[in-house]
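Participant: This is the structure I want to talk about, given as structure tokens.
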């Protein structure tokens, strides 16, 4: 019940922002949802396809951000399951006595929606909860973006680099919502992605590698 309450609290903080942005997409025609088995075949959102080069040039960064959030929320191409996999505390920045007692198995799960835009880049909204360094539940939710590269002839194999922005809540901070802006990287093949971030910090604080699997359903 405690975990359920904090997840509900986090969703109330992060998710209502997105529907408020939906007005940005009201003039856009309905976007079909393509749920094909391969990420290489995911059809880019019609909203993106209808934006001319001149319109895109005139569009502000803030407006583009709102449009991306709104389109991802209203017209996702896939629904995703998140499985936290590893947290690793950088041994160069921690005393051994601390890392010896920290938890590095972030048991948990999450859910999200995502899409590829007309350039083949990834946009996602997600919420997940996992066991933190002190083995306490930590929820996190937000928006993720990755520029995608397809270095081989197999278009299902993709590399990604971008960022995630959202909110998290921790037991040792009394579950006060804390904004986060972190780097994001991934290796993907078809429906499966291995995504990771690095939380910077100071000595004995932060400097944590956190990774998870994302599976399109």
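Using N, Cα and C of the backbone, Cβ positions are placed for all residues, glycine too.
According to Swiss-Prot, the record shows the following:
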type	residues	note
SIGNAL	1-24	signal peptide
ACT_SITE	89	active site
SITE	98	site 'Role in lipopolysaccharide recognition'
ACT_SITE	132	active site
ACT_SITE	133	active site
SITE	203	site 'Role in the phospholipid gating'
Participant: Could you work out which of the recorded positions (89, 98) has its C-beta surrounded by the smallest number of other C-beta atoms within 10 A?
Facilitator: 98
Participant: Please work out the number of neighbouring Cβ atoms within 10 Å of the Cβ of residue 132 (active site), leaving out its own Cβ.
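Facilitator: For residue 132 (active site), the count of other Cβ atoms within 10 Å is 22.
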Participant: Measure from the Cβ of residue 133 (active site) and count the other Cβ atoms within 10 Å, all protein chains considered.
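Facilitator: So the Cβ neighbour count for residue 133 (active site) comes to 18.
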Participant: For residue 203 (site 'Role in the phospholipid gating'), just count the other CB atoms lying within 10 A of its CB, please.
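Facilitator: There are 11 of them.
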Participant: Tell me whether residue 98 (site 'Role in lipopolysaccharide recognition') sits in a helix, a strand or coil according to DSSP.
Facilitator: helix
